[in-house]
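Listed in TrEMBL for this protein:
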- 17-117: domain 'BTB' (DOMAIN)
- 164-183: transmembrane segment (TRANSMEM)
- 222-245: transmembrane segment (TRANSMEM)
- 257-276: transmembrane segment (TRANSMEM)
- 288-307: transmembrane segment (TRANSMEM)
- 328-348: transmembrane segment (TRANSMEM)
- 360-377: transmembrane segment (TRANSMEM)
- 384-409: transmembrane segment (TRANSMEM)
Amino acid sequence: AEAIIWFLLRNMTQSASRVKFNIRGRIFETFASTLKAVSDSKLGRLTPEHESYDGNNQEYFFDRDPDLFNVILNLLVTGNLHVPRQVCGALLREELSFWEIGNGNVNKCCWRQYFQHEDDMSVLKDLIDNEDSNSAWIEGETLKERIWLVLNSPGSSKFAKTWYILYLCVVFISIVVFCIWNIEGLRTELYVSDFITHHYPDIHLSGNDKLTTLILTDPVPALFALETGCLVFFMVEWVLGLAVCPRKRDYLTSWTHVVSFVLVFAMLMNFLMEFFKSVLAENEVARWLYFIFKAISMVRLLLFIRVARRFSALRVLLLAIKNSLLELLLMAITFCLGMVFFATLIFYAEITNVESFSNIFISMWWAIITMTTVGYGDIHPSSVAGYIVGVFCALSGLLLLAMPVAIIASNFSEYYSQNNFYQRYLRLQKENRNKENCEMNKIHPHKEAKFDGLSWPAD
């Protein structure tokens, strides 16, 4: 009798020390002491008075994922969080948050699985934020709204696509004009500004054909007319965009519109200086200002990037470069350190060479072209010590440039793959919306279907 009583008491004690859970039909049991180890969590505060407690079956019922609950129990038992490969890290975090359990005990073997979704979400956020969504108004009801859509959303209408193609053509023509501006066969005697060129023998006798071509001749009228037309086009486009933009501050701080403004300003300065060639011929400072503005106007190349940002592939490339700035900075710092190091070594290794490596800065030039494997050959070592330094300089340059480039390539690959998934998701959404619109047209054939606020006739 005593043995039977002892056996029953032991079973009752063990039963009381265990807690049963019903998670979507799957039964889990664990010791109450295991739950008390996390007394500040929802599991540690469970009592029979809790709303999830089923008195008939003496269990707690929760409509949660049973596989994730098993991970939670393993965390309480072992003290380490292991993430199954088939489980999304974000979903596991939500489960930990529901049970009010901290996530600081992720085991080292599961770091990649647990944190991978953060990197994925960061990449997707960048892709979505940089999606072509320049139109602040969607429906385009007023004239300003329609103009803004035409200027910034090529897919909003046929007229917008026409403007888009025209803009590309003007940018291309502008770049071609800039490149052929200095060709002697396309230059003629001065006609824009009238002054006697022979009064400025310093320019004639300088022997600088480029200087003579730019200052003492003018482009042929057709070339000058094309440059002027491009200037007017870019100026009108920038001013019109600012006038109809719903957020003026964002427009003025956007790097693409800042580039457009700098281009317009530089082209306008060059245009005005063409009428005052006598001042350019007399004043060297004015000539340098003319050359500087001429060089700055080459930013018109960046207008292609502004237009091409509509294409997802180029956006991916730009985002990959943007998110690799830290690696690029690291590469620049290590490259500079290597440059100074090998410049100093080659200077003292060639200290007896009086014909080259006259100072450290010349040695830095040699180190740069050697580390980048360009090797102009204008300066080269001539001693055994110099040869040895040159070998190590070239090998170090390969290593210093290769490692950050691999990281940048990895970032590009990540953005490229995520962008492919994102584009497939957008196409899937569009197909679903088209199906919904078709079904709506069958039900209400005389009503207009709507797509993201843009309406068109159902037929």
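Cβ atoms here come from the backbone N, Cα and C positions, even for glycine.
Given the structure is predicted, the values throughout are model-derived calculations rather than measurements.
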What residues elsewhere in the chain lie close to the transmembrane segment (257-276), defined as a C-beta under 8 angstroms and at least 6 residues from its ends? 192-193, 218, 224, 227-228, 230-231, 234-235, 237-238, 241-242, 251, 286, 289-290, 293-294, 296-297, 299-300, 302-303, 306
So what pLDDT does the domain 'BTB' (17-117) average out to? 85
Tertiary contacts of the transmembrane segment (328-348), as residues 6+ beyond its ends and Cβ separation under 8 Å: 321, 357, 359-360, 363-364, 366-368, 370-371, 381, 386, 389-390, 392-393, 396-397, 400-401, 403-405, 408
From the DSSP assignment alone, can you count helix, strand and coil residues within the domain 'BTB' (17-117)? 39 helix, 20 strand, 42 coil
